[in-house]
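**Student:** Pasting a structure below so you can have a look.
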Amino acid sequence: MTMTLHTKASGMALLHQIQGNELETLNRPQLKIPLERPLGEVYVDGSKPAVYNYPEGAAYDFNAAAAASAPVYGQSGLAYGSGSEAAAFGANGLGGFPPLNSVSPSPLVLLHPPPQLSPFLHPHGQQVPYYLENEPSGYAVREAGPPAFYRPTSDNRRQSGRERLASTGDKGSMAMESAKETRYCAVCNDYASGYHYGVWSCEGCKAFFKRSIQGHNDYMCPATNQCTIDKNRRKSCQACRLRKCYEVGMMKGGIRKDRRGGRMLKHKRQRDEGEGRNEVGSSGDVRASNLWPSPLLIKHTKKNSPALSLTADQMVSALLEAEPPIIYSDYDPSRPFSEASMMGLLTNLADRELVHMINWAKRVPGFVDLSLHDQVHLLECAWLEILMIGLVWRSMEHPGKLLFAPNLLLDRNQGKCVEGMVEIFDMLLATSSRFRMMNLQGEEFVCLKSIILLNSGVYTFLSSTLKSLEEKDHIHRVLDKITDTLIHLMAKAGLSLQQQHRRLAQLLLILSHIRHMSNKGMEHLYNMKCKNVVPLYDLLLEMLDAHRLHAPANRGGAPMEEMNQSQLATTGSTSAHSLQAYYITEEAGAFPTTV
C-alpha cells in the first residue's frame, strides 16, 4: 500500500506515526531531540532506494508522493498546522505526544542521538538504519549505508594504518638522526666531529693525536700521570692526554674500512639506508649493531690457539701443573723482628717468588700467544695481586696467621713492628677467612689466579696498533674459557644452577678486594723504599716502578711521592726492557732456581 503526503501536517503526522510504532516495537523510551538546523544540512547522500517493506508486507513509496507534496521544512521558516489539526493529532494518541502548537517554536523531531539513525526492524530481525532528508523536491525516507556512519571502510582502515606507520617511521628516523648527531669524544667528552683513529673524537683530540704520532711525543706529566682529561682541562697535560688517547683505543691504523671520501660515502650511506628501510618489514629483527657501522673488524688471528681448544678438565690440569714450587724464607728464629729485618725477609721472599711467577705465567694457557710486550705489561700490573692471593690461599688452614713461607708464619701482633703493616695484615686475614668460609678448592684457586693475571691490564694496553685489539680479543676469549671452567667445577661438585651463579659471583667479588689490597701494599712498599728502610732487589724494584706507572690514580699519596715523579718516570721507562731481559735469561735456562 502506498501513502501520499498531501500537506505538511499530514506528513508530520506520518513521521510521528512511524516513530511511535518504532518506539512501541522496541519498547524504548521516547526521545525528543531539538533540530538545530535543517535536516538537509545534517544528512548527506540521498541516492539510496526509497521503498521500505514493513513486516506486514505493506509498501510505502515516498518517492512517488514526494513530487506532489511540499517540503516539511523550508529554508526561510517553519509553518505548523492549524490548532484543530494539532488537537486531532494529539487526540489520536499517536505515541502520546503533546500537540505541536503547545511546545516552543523550535520543532521537535523524534530521532535518535547522533548519528541520528532510526533502526527499524527487518523481518529477519536485523536493524537497518534510515535517515530523513529535506530536499527541495520533497520529503523522503532513505536507507543509510552503515559503513558511512558506523565504521570506516577497509580502504580507509588501510590508509589510516599507512599514515600511522608513516608518522611512526618519521618519528623513529628523526630520533635516529638525533642520536647520530650526539656522539661524544671518547677522550675529552666534547662533541665528536667524526670517527678518527679508531674512536669517535673531536677535532682537537684528533689533531693532538695526529701531531703526537707524527712528531716527538716525549711528554712529561708534572704530577702523578693521572691528570683529569675533559673538555676544559684537556690542554693542561699533554702526557696524560696522550695516555688517555691510547687507553680509549686510538691508533695510527684505526681508519674505517668504508672511508672513500665524503661524497661517495654519503651516497653509499643514503643508498644503504634506503635498502634497509625496504627490508625492515621482511627481516623482522633489526639489531642494534646494524644501526652504526662497526668501528673495526677484529680478525681472530689466534683462533687456532691451543688454549681455546682445551676442555674444562684439561684447563684445570694445565693450571695445576703450572703452579710454582714452594719457596722457603731466610728467617732465623733466634733473631727478634725489627722493621728492617721483617721488611728484608718479605722483600727477599717476594723477589724470589717473582722469578718463579714469570715461569708460571708462561705456562698459563693462552698467555704465551700474546706478544712479549703484552706479556710484560700483564705481569707488571698483576704481580702483587698474584703474590697476595697465593699468600691468602696458603693461610687458609691457619686462622689468624699468615703463612708467607713454610718456615715463616706471622700473626697480627708481629706485623705491628712495621709501620702501616697492620692494616694490610687485617685485610689479608679477612680474605683468608672468607676463603675458608667458602671452602675454596685448589682447582678454583688456580682459576682465580689466572683470571687475575689476564684481567689485570687488559684495559690499559698502550699499544697503538691493530694488533693490540687482537690481543685484547684473545685475552677475553681465554678469560671466558677459564670462567667456563670455574662453572664446570661447581657443576661437577653437585651445585644447582642458582648456587653456581651465586658462588661464581662471590669468587669474582673477592678479586676486587684483592686488587684493593694490592694497591695498599704497593703504596706501603713505595713508602718503605722512599724512607730507605730496606734496599729493594732489582726485579722487585723494576716491577714496583712499572706498576705505579700503569696503576690508577693514587689516593692520598705522600708528598715525597710528588718529589720523585721524574725519577720514577725515568726508572719506569726501562722497566719493560729489564723484565724482558729476565724473560730472555729464563729462556736460556740461566734463571736461578733457588727454593
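Each position is counted from 1, following the chain as shown.
Any Cβ shown, glycine's included, is placed from N, Cα and C.
Sequence annotations record features per position, and here Swiss-Prot assigns region 'Modulating (transactivation AF-1)' to 1-184 based on similarity to another entry. Under the heading O-linked glycosylation site, Swiss-Prot lists Ser10, Thr571. For 35-174, the entry in Swiss-Prot reads region 'Interaction with DDX5'. The region 'Required for interaction with NCOA1' feature in Swiss-Prot is assigned to 35-47. Swiss-Prot lists Ser104, Ser106, Ser118, Ser167 with the feature phosphoserine. Residues or ranges marked as region 'Disordered' in Swiss-Prot: 149-173, 257-287. Here Swiss-Prot flags 154-165 as compositional bias 'Basic and acidic residues'. The region 'Mediates interaction with DNTTIP2' annotation in Swiss-Prot covers 185-310. Summarising the annotation, Swiss-Prot assigns DNA-binding region to 185-250 and lists sequence analysis as the type of evidence. Residues or ranges marked as region 'Hinge' in Swiss-Prot: 251-310. The compositional bias 'Basic residues' annotation in Swiss-Prot covers 257-269. Annotated asymmetric dimethylarginine per Swiss-Prot: Arg260, in sequence order, evidence recorded as similarity to another entry. Under the heading region 'Interaction with AKAP13', Swiss-Prot lists 262-595. Positions annotated as region 'Self-association' by Swiss-Prot, on the basis of similarity to another entry: 264-595. The region 'Transactivation AF-2' annotation in Swiss-Prot covers 311-595 and is backed by similarity to another entry. The domain 'NR LBD' feature in Swiss-Prot is assigned to 311-547. Sequence annotations record features per position, and here Swiss-Prot assigns S-palmitoyl cysteine to Cys447.
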**Student:** Can you break down the DNA-binding region (185-250) into helix, strand and coil residue counts using DSSP?
**Tutor:** 22 helix, 7 strand, 37 coil
**Student:** Among all protein chains shown, how many Cβ atoms are found within 10 Å of the Cβ of the residue listed as 'S-palmitoyl cysteine', not counting that one?
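**Tutor:** A 10 Å sphere around the Cβ of the residue listed as 'S-palmitoyl cysteine' contains 23 other Cβ atoms.
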**Student:** Over the span of the region 'Mediates interaction with DNTTIP2' (185-310), how high is the average pLDDT in this prediction?
**Tutor:** 70
